[in-house]
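Trainee: Please see the structure below; I have some questions.
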Amino acid sequence: MKKLYVLCILLFLAVRLAGIGYDISNSDALRWHRRAENFLTALKTLNLKETYQHYQPGVTLMWVDAAVKQFSTWYQLAYTAAPKTLEMAEFYPISHGISKGVLVAVLAGLLVFQIYCISKLFDKKVALFYVFLISVEPYIIGLNRWFHLTSLEVFFAFSSLLSLLVWYKNKETKKRKFSFPIFLLLSAIFFALSVLSKTSTFMLLPVYLFIFWKNFKEHREYKSFLAFAAAAILTALLVFPALTANPQYVFARVYRSLRLAVTEDPGMFIWNWYLGPFYYLVVLLFKMSPVTLVLSVISIWYLHRTKTYAKNFNIQVFSLVLISYYVFLSLSSKKIDRYSLAFFPYLLLFSSVYLSRLNFKKQIFVGLASLLFLSYVIYVYHPVYSAYYSPLFGGTKTALKLKIYDNSGEYYAQAAEYLNTKGRDVIVYTPNNFDSFSPFYIGKFQAGFNGNTNYAVYSLDSERPVLEPTLPCYSSNSKTGKMQSFAAFGPRNYKVVFVFACR
């Protein structure tokens with residue numbers, strides 16, 4: 001069994017690290033690199049208030065990147081003539097890739113912890129199926145390869161909840177009124193780190209309160225809750241210096257961001273308004289692999305039919321998590337496809353519970369089907385797996401029609417790499433996802449079009465399901481009227497980024 005765990009972890013790492021750095025700089029990756037630089041400067045100068053850089057607040061991401069930047073600077077000062085910066089297109093993919101590699105290593109460490117907890121809460125088979133499914137799920141692979149908060153938030157939150165349930169189970173077994181074992185402490189630490197990654201983890205507070213309420217109801221003790229709260233607060237104060245330097249300022253900004261996210265967020269995606277409360281359901285249909293989708297539906301039906309929901313407290317908690325996430329995310333005015341990542345660990349765990357109760361032949365069939373589909377995804381999407389949309393429902397083409405396709409910088413690095421072959425004097429007009437293109441491009445670029453522009457780069461999106469003929473440099477075949485791009489990039493079966501020659 002241990003060898004299978006190791007193989008799954010190696011698979012997890014392999015598909016997430018292959019070609020990393022040169023694959024994608026998601027739309028806000030460059031901004032987070034800048035924030036990490038400011039964060040590091042604030043730490044060095046003891047200007048602790050300035051460690052607050054963003055409302056989300058992204059503290060864990062900035063710590064990771066700040067550490068990478070500091071070690072990179074030390075190394076370059078020792079072994080090179082002068083340190084390179086993010087403004088250098090030749091250096092950006094290297095620094096960017098190292099930072100993302102460290103993030104993947106952190107996620108892998110959390111996954112190992114999750115395996116241990118799941119084996120304690122269920123059994124080793126369930127843990128094995130879980131680590132396998134999460135290792136091969138295309139959209140999870142894609143988001144894990146981003147330089148972003150979402151994966152950290154979700155992995156820390158899931159680890160925290162698993163740890164709390166292990167603590168609760170141990171307490172039930174030992175029948176102690178109060179204990180402060182390692183799992184309660186770890187749960188508090190992971191919860192704080194998840195919140196410091198992204199404040200949307202607060203959506204899980206009702207679930208945590210439910211667990212502690214059940215503990216109080218059965219044991220008539222509240223010290224565990226106080227210990228959890230104290231450990232979480234202490235972790236937040238230690239990891240986020242701005243909280244000690246200017247707590248009123250931080251809390252005011254975070255509260256305002258949470259209020260705007262629910263009521264009037266300026267980033268609201270109005271083009272998919274018609275989906276309303278079904279938005280995340282539709283996104284999950286498109287973002288889950290067919291194997292996982294079928295498994296999830298069957299497992300939910302199976303857990304209901306066998307009355308596992310009523311018998312298993314852990315399943316009840318995970319179901320409450322899914323409901324909590326869905327209600328809060330659906331109520332929010334800002335709906336983005338990547339937020340759906342929060343649902344995946346729990347759906348994969350349900351699928352793993354169901355898989356563990358199948359016979360060996362069926363388990364092997366599911367495993368082979370998953371690996372076969374992963375091979376298809378690698379062939380079609382590599383190296384940008386976040387562009388994945390399920391072929392079961394028409395893939396990218398249908399996602400564009402339904403206005404749920406969001407280009408967050410996918411395949412702009414490949415367009416930049418192509419244009420780099422044209423020389424440094426070429427001027428490129430990039431009206432969309434400029435921050436995903438510019439870090440990789442060695443030539444000249446501009447946000448506005450003029451007569452000196454040599455090439456224009458456009459992409460499809462929910463806002464731009466088709467490219468209009470009125471776009472600068474747009475060309476079409478005079479006979480067919482169809483668009484003719486100079487070069488096109490994207491999945492093998494549907495291109496989404498286009499380069500046009502202007503003169």
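Yeah, the Cβs are placed from backbone N, Cα and C, and that goes for glycine too.
Per TrEMBL, the feature transmembrane segment maps to 98-119, 126-143, 149-168, 180-213, 225-245, 280-303, 315-333, 339-357, 364-382.
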Trainee: Can you name the far-off residues of the same chain, 6+ from the ends of the transmembrane segment (126-143), with a Cβ under 8 Å from a Cβ of it?
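Mentor: Long-range Cβ neighbours of the transmembrane segment (126-143): 1, 4-5, 8-9, 11-12, 15-16, 111, 114-116, 118-119, 150-151, 287-289, 292, 295, 338, 340-341, 344-345, 348-349, 351-353, 355-356, 363, 367, 370-371, 373-374, 377, 381, 384-388.
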Trainee: Among 149-168, 180-213, 280-303, 315-333, which stretch has the highest count of C-beta pairs below 8 Å with the transmembrane segment (364-382)?
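Mentor: Selected stretch: 280-303, with the most Cβ pairs under 8 Å.
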Trainee: Which range out of 149-168, 280-303, 315-333 gives the transmembrane segment (180-213) the most CB pairs under 8 Å?
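Mentor: It is 149-168, which has the most Cβ pairs under 8 Å.
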Trainee: What residues in the same chain, six or more past the boundaries of the transmembrane segment (280-303), come closer than 8 Å to it by Cβ-Cβ distance?
Mentor: 133, 136-139, 309, 315, 326, 329-330, 335, 337, 339-340, 343-344, 347-348, 350-351, 353-355, 357, 366, 369-370, 373-374, 377, 388-393, 398-399, 402, 404
